[in-house]
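S.K.: After the structure tokens below, expect a handful of questions from me.
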Amino acid sequence: MSRPREGGPVVLGAGGWGSALAVTLAQTHPAVTLWARREALADELRRIRLNAAYLPGVALPSQVNVTSDLAAAVAEADFAFAVVPSVGMADLLSALPTSLGLVLCAKGLAPGGQRLSELAAERGFRQVAVLSGPNHAEEVGLGLPAATVIASRDEGFAHRVQQALMTPSLRVYTSRDVAGVELGGVLKNVVAVAAGLGDGLALGDNARASVITRGLREMARYLGAQGAQADTVYGLSGLGDLVATATSRHSRNRAAGEAIARGQAPERGGQVVEGLRTARFLAEWAEQHDFDLPIVQAVAAVSEGRLSPQDALRNLMQRQPRAEG
Ligand SMILES: NC(=O)c1ccc[n+]([C@@H]2O[C@H](COP(=O)([O-])OP(=O)(O)OC[C@H]3O[C@@H](n4cnc5c(N)ncnc54)[C@H](O)[C@@H]3O)[C@@H](O)[C@H]2O)c1
Ligand SMILES: O=P(O)(O)OC[C@H](O)CO
């Protein structure tokens, strides 16, 4: 049972996903705190009750209290949803008390390629969970039905977060496989960029399905190498999120691949594209460990300008013939 607390749940990060989570939590809590790093954004959210830059079309209910004062936001909290892009997570953690329970919601890696949950544990946080699943903010924010997973080694903590986040439109499962759930969300972004590259080259539905399926196989091998449970990749945080991201008009990662293939800039409207940065970390790791991650390595090479999308496609198609597996 989530402990009823003064002030209610706390969401740190007022981008698209943080805003959608705050709106979701407001369905079942009388008060929700949403922290924005920039006072200008906090002020705008308080005034117009709309996150026009990051989640247009979703109204912020009156229960959502927006602040740019981080210390005040977490002062009475026993746990908080950390929803800043992975590149900013280390800085955010430095500013938080280690007694705070953390629900890590970013789908990327820390500088150096470390998992965010490992970074949090290294920094001394004792209650850590990761949230991941097929959850486009644009749909969750509108209350469209979705499912997600909260993973923690601390089962009691996972159940508290599950109870806090469950609504009639968001079904929350728990898992103990932190590495598996976390890495599913991290890797699916890279495969979604690859699917977008195919879309940008107008390769068709067969090509997209092939990228998704071979990408899933690549995810399974990498997760296995990192000690994740074998079946987690076929759950919501793996296959589920991969399908949602690689096929969605909402996905920034898929759109980034499409833009690159068309010779355009990959970022849109200052929104975070985690897959490009992740591809570089993973390709470096694959190189160091002589580990075959062909789709990830192709995405890294294309995004760094070392290979054209057409050459990357040719290389993938002309790999040594082999058995499926
Ligand atoms: N948007 C989605 O549908 C969705 C769903 C699930 C998970 N995620 C993940 O959540 C994370 C955040 O994504 P988003 O879509 O909310 O981002 P976004 O692109 O919508 O917005 C990013 C927000 O973070 C702020 N920000 C940037 N750097 C920061 C820092 N160092 N400290 C504090 N705030 C900072 C920006 O000002 C902005 O408000 C990403 O890792 C993403 O993969 C996103
Ligand atoms: O828009 P994307 O590509 O960052 O994906 C958003 C979410 O991770 C989908 O679950």
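Even glycines carry a Cβ here, placed using N, Cα and C.
Where the annotation comes from TrEMBL, it is an automatic prediction and has not been curated.
According to TrEMBL, the feature active site, proton acceptor maps to K188. Look at TrEMBL and you will find G13, A14, G15, G16, W17, G18, A137, R252 tagged as NAD(+) binding site. Per TrEMBL, the feature NADPH binding site maps to W17, R37, R38, Y54, K107, A137, R252, V272, E274. If you look up TrEMBL, you'll see K107, G133, K188, D241, S251, R252, N253 marked as sn-glycerol 3-phosphate binding site. Marked as substrate binding site by TrEMBL: K107, R252, N253. Among the features that TrEMBL reports, domain 'Glycerol-3-phosphate dehydrogenase NAD-dependent N-terminal' is placed at 11-157. Residues or ranges marked as domain 'Glycerol-3-phosphate dehydrogenase NAD-dependent C-terminal' by TrEMBL: 177-313.
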S.K.: When you measure from the Cβ of G18 (NAD(+) binding site), which residues in the chain that are at least 6 apart have a Cβ under 8 Å away?
M.R.: V11, L12, L34, F81, V83, V84, C105
S.K.: Which one of these binding-site residues, D241, E274, has the sparsest Cβ neighbourhood, judged by other Cβ atoms within 10 angstroms?
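M.R.: Looking at the binding-site residues D241, E274, the Cβ with the fewest others within 10 Å is that of E274.
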S.K.: Under DSSP, the domain 'Glycerol-3-phosphate dehydrogenase NAD-dependent C-terminal' (177-313) has how many residues in helix, strand and coil?
M.R.: 100 helix, 0 strand, 37 coil
S.K.: So which of the binding-site residues is most packed in, judged by how many other Cβ atoms lie within 10 Å of its Cβ, out of S251, N253?
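M.R.: Checking each of S251, N253, the winner is N253.
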S.K.: What's the CA to CA span in angstrom from A14 (NAD(+) binding site) over to N253 (sn-glycerol 3-phosphate binding site)?
M.R.: 19
S.K.: Could you tell me the maximum Cα-Cα distance in Å between the residues recorded as binding NAD(+), namely G13, A14, G15, G16, W17, G18, A137, R252, rounded to a whole number?
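M.R.: For the residues that bind NAD(+), the greatest Cα distance is 18 Å.
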S.K.: Taking only the Cα atoms, work out how far E274 (NADPH binding site) lies from N253 (sn-glycerol 3-phosphate binding site), in Å, as a whole number.
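M.R.: The Cα atom of E274 (NADPH binding site) is 7 Å away from the Cα atom of N253 (sn-glycerol 3-phosphate binding site).
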S.K.: K107 (NADPH binding site): which of the recorded positions G13, A137, K188, D241, S251, R252 have a C-alpha within 10 angstroms of it?
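M.R.: So far as Cα distances go, the recorded positions lying within 10 Å of K107 (NADPH binding site) are K188.
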S.K.: Of G15, G16, W17, R38, A137, which binding-site residues are close to D241 (sn-glycerol 3-phosphate binding site), meaning a Cα within 10 Å of its Cα?
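M.R.: Qualifying among G15, G16, W17, R38, A137: none.
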S.K.: Under 6 Å from ligand 1 by Cβ, which recorded positions from G13, A14, G16, K188, S251, E274?
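M.R.: Among G13, A14, G16, K188, S251, E274, near ligand 1: G13, A14, G16, E274.
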S.K.: Hey, what's the Cβ neighbour count for R252 (NAD(+) binding site) at 10 Å?
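M.R.: Taking all protein chains shown, R252 (NAD(+) binding site) has 25 Cβ neighbours within 10 Å.
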S.K.: For G133 (sn-glycerol 3-phosphate binding site), just give me the three-state DSSP call.
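M.R.: For G133 (sn-glycerol 3-phosphate binding site) - judged by DSSP and reduced to three states - the answer is coil.
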S.K.: Do you know which of the binding-site residues A14, R38, K107, D241, R252, N253 end up with C-beta under 6 Å from ligand 2?
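M.R.: Close enough to ligand 2 are K107, D241, R252, N253.
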S.K.: Going by C-alpha positions, which of the binding-site residues (G13, G15, G16, W17, A137) is nearest S251 (sn-glycerol 3-phosphate binding site)?
M.R.: A137
